[in-house]
Amino acid sequence: MSANIKRHRTGLGGIAFAVIRPVMSLIDIPLRALQRATGQGGMASFFILPNMAVFTIFVLIPFAINFVYSMTGGIEIFLNQRDFVGAEHYRDIFTCGSYLDPASCRRDGFWTAAQNTTLFVILQVTLLIIVSLITALILNRQIIGRSFWRAMFFFPVLLSPVVVGLIWRWILQRDGLLNFVLLEAFGAEQFNWLTDRTAAFAATIGVSIWAHMGFYTLILLAGLQAIPKDLYEAAEMDGTSKSRVFRRITLPLLMPNLIVVLVLALIKAVQVFDEVYVLTGGGPGTSTMYLVQYIYEKGFASELRNPGLAAAASIIMGAVLVVLTLMQMAASRRNEKKGER
Amino acid sequence: MGRITLEKLTKSYGSVEILHGIDLDIQDGEFVVFVGPSGCGKSTLLRQIAGLDKPTSGELKINGKLVNDVPAADRGLAMVFQSYALYPHMSVRQNLAFGLENARMPKAEIDSRIAEAARMLEIGDYLDRRPGQLSGGQRQRVAIGRAIVRNPTAFLLDEPLSNLDAELRISMRAELSALHQRLKTTMIYVTHDQIEAMTLANRIVVLRKGNIEQVGTPLELYNRPANRFVAGFIGAPSMNFLPGSILAVNLVDTVVTVLGEETLAVPRPAETAEAGEKITVGVRPQHIRLAGPGEDCIGAKVTLVEALGAETVVHARVSTGELLLAVLAGQHALSAGEDIRLTFDAKDLHLFGGDGLRIAGT
């Protein structure tokens, strides 16, 4: 302790210490009085108050307003100019001949977007986990330039989604880099990567994986590195084949990380919007129109604006996200319990 | 059969050589302990034998068969790791069965081996628990059980008791010794704890900086250490080393003077030393006693007294500044700062030349 004080009293640290100390002493007096009055529990509440205030202003209140909006009709912005319509938007959304056939639904755009999003989530999350896992397994080995490759795979995570969308649009558009390379290398004809329905859908999945896999790879890599080396050596002594080591040791021990990756990736995939909006604008047609874009366009962008419907759609999507979040919490709790055992 | 032979075995990582030409012959059924300070290469040596690392040069033979290029699993050895290395997501039973399933052994045979190991190690009650639900001692038994079920040619044990508390370590030590007597399988045990080495081993291999310093039975090492390092490493507390010189080498004894104060005739003739040569005289703390009236002695001032009840450990400084440690039997009313007179018998002295090696013949 005395060594620390000595260090603070020399050089720049000493000056800072001399300035901070009287200020801290001044704060100390009211804080002590507050603690006497409220007890330690009260102090904890006092300290989280600023955070709660921000959370309330920017999350809870908008959420409540959004819910009220979903019960109103018209194109007006101000609530006092809007008519109360009750659950009409929800009824509208859920009025369907068959949920699997968007054309049979009163709000077919919502169900098209929901169907696209579901397919996107299933394919993107599955491929994302597989690719991230393979990358993490490779990066966990003693390969040349390991640190470089780790940085390379993480780099796209640092990019803004709009930048990601733009980069890939330049690559994939008709006169883009990919067609240029294919033409130069193989003399291939130009292909409409972003205007062919299947190719555009695949492109949104591929770009999304490219943009996010670095983050999930990092989580899985951390999990792989946390598996004790001794276990692999014990398995080697036991004559375990590589595939069995992966199935019986690596995968089960990586499961906590895989669950985290799965749930985070699911939530992120449901929310997909910005990079896809820049890349394809939801097209061709509605083939890459996902839920958030539907909500955005219904609320703000389309000519037939319907903020109430957009609010109702976002509440439904919010409910899906709450379910996914609860899944994550349950999975984390189960892992914690496992860890305690 | 579990004979393991190492011939001029070396191991290098990059340009750094860790093991420098190890020659060692371990007989079938022997309990051999590799002992040495941290970084001496004992675990590295064990890993070469296990097949977890490949020697840089030299030959490694198991039962006469060269196994340098044989994978770990095919060497017929089983290893017990310092961390136990139990699979945390599997039950004890699954941990024991894992290696046998790899060998595609019939289920009935697996069950019978597990039952036998569980009976032997008294782990039958928690076969369905996971390692995380077991105490350190129970985990250790499971780790040993996993080795036993494989029915190996030899057991390799890498500091298996170092994660246990002192009391449990003593009881597990006794159990390991009993297990070896029951199984009569070759065991190679790595430790830095010389008490474990002394109590468990048929033969001890003392390693330092990647070289074998001495191989012998525990008492050979204790009674006739080959050099100053072994003398200092084996035995607790460590041997005292004092400057001395040879006064005369006779047919039946060697006359030495210790600290220039006490002259003694060591009843063994030095073969390679001459009168006048400067030497180091080693004497174990247990061989030092308080001098009686009229006895040749060394004067010292007590610096610390540790009364352990059955014995008293006295730290004392002699006139030339050397610190001397004496373990005196029984209880003694000594205190720091007191002047005492210490002595020892000539037969208990160990004589080391300037090169640190034991002087031949002594």
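Yeah, the Cβs are placed from backbone N, Cα and C, and that goes for glycine too.
As recorded in TrEMBL, the features of this protein are as follows:
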{"type": "TRANSMEM", "residues": "A:46-69", "note": "transmembrane segment"}
{"type": "DOMAIN", "residues": "A:114-328", "note": "domain 'ABC transmembrane type-1'"}
{"type": "TRANSMEM", "residues": "A:119-139", "note": "transmembrane segment"}
{"type": "TRANSMEM", "residues": "A:151-171", "note": "transmembrane segment"}
{"type": "TRANSMEM", "residues": "A:199-224", "note": "transmembrane segment"}
{"type": "TRANSMEM", "residues": "A:245-267", "note": "transmembrane segment"}
{"type": "TRANSMEM", "residues": "A:309-331", "note": "transmembrane segment"}
Quiz item: Which listed stretch (A:46-69, A:119-139, A:151-171, A:245-267, A:309-331) has the most C-beta pairs under 8 A with the transmembrane segment (A:199-224)?
Solution: A:119-139
Quiz item: So what's near the transmembrane segment (A:245-267) in sequence-distant terms, Cβ-Cβ under 8 Å and 6+ beyond its ends?
Solution: 121, 124-125, 128-129, 132-133, 137, 212, 216, 219-220, 222-224, 227, 231-232, 235, 321, 324-325, 327-328, 331-332, 335, 338-339
Quiz item: Who are the long-range neighbours of the transmembrane segment (A:151-171) in its own chain, taking Cβ under 8 Å and residues 6 or more past its ends?
Solution: 135, 139, 177-178, 194, 203, 207, 210-215, 217-218, 273-279
Self-check item: Long-range Cβ neighbours of the transmembrane segment (A:119-139) (under 8 Å; 6 or more residues past either end)
Solution: 146, 149-150, 153, 201, 204-205, 208-209, 212-213, 216-217, 220-221, 223-224, 250, 254, 258, 261-262, 265-266, 269-270, 272, 290
